[in-house]
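Lifted from Swiss-Prot, the feature list:
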type	residues	note
BINDING	30, 31, 32, 33, 88, 145, 149, 153, 213, 214, 215	substrate binding site
BINDING	83-88, 98-99, 104-105, 127, 162-163, 207, 217	FMN binding site
């Protein structure tokens, strides 16, 4: 992760005399990475084993939102888009998350299933970057997870036209109240437009911060026979 690529243009408001604030020099903001390193001899043959270890270490370290990941998709026109989503399962070698299928990411994935996932654990000076292909999970699996969600989250999933223009927050609240009234005393059903994606990875990179920006980076690439090739990358 680099903090050196920043705008220092003199016309930037960060260098101006903002009302009630002082100028900020972004180029001077940096930190040294001292938490440790990553050695070739410590790498397992399967990257999912290392990911599991790092994720559990992030959870044990009480990192904020340890399952948060930046999900990248691309529109049919080639326009990239990212957003933060929570990892909800890692099953059979696949990374699973849930969302609105009619959202921007859902419409992207319907046309182009290639996807990227990035985990950043600042407190541990670690990142994991994943590239793969997304596919919808079976409806039964989405139903099972939906039933585990808090009641109000289930109602919200039913009424939110995710990624589309909304007249006002009050309209969203009215829709929520009306939908909740429809399900009093009944099990809230999963709407057809909401469900899970399973990401099958073919490229996983592990990044560990090191002193002097000489970071450790190791890339796992999936091979035709199902094995993973490991190689060190320059920082």
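Yeah, the Cβs are placed from backbone N, Cα and C, and that goes for glycine too.
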Original post:
Can you tell which of the binding-site residues (30, 83, 104, 213, 215) has the fewest other C-beta atoms within 10 angstroms of its C-beta?
Top reply: 30
Original post:
Which three-state DSSP class does residue 213 (substrate binding site) fall into?
Top reply: helix
Original post:
What kind of secondary structure is residue 98 (FMN binding site) part of, going by DSSP in three states?
Top reply: strand
Subject >> For residue 88 (substrate binding site), the number of other Cβ atoms found within 10 Å of its own Cβ >> reply: 15
Subject >> Spatial neighbours of residue 83 (FMN binding site) among the binding-site residues 30, 32, 149, 213 [C-alpha, 10 Å] >> reply: none
Original post:
Which residues does residue 98 (FMN binding site) neighbour through Cβ under 8 Å, counting only same-chain ones at least six apart?
Top reply: 88, 142, 145, 146, 194, 195, 196, 197
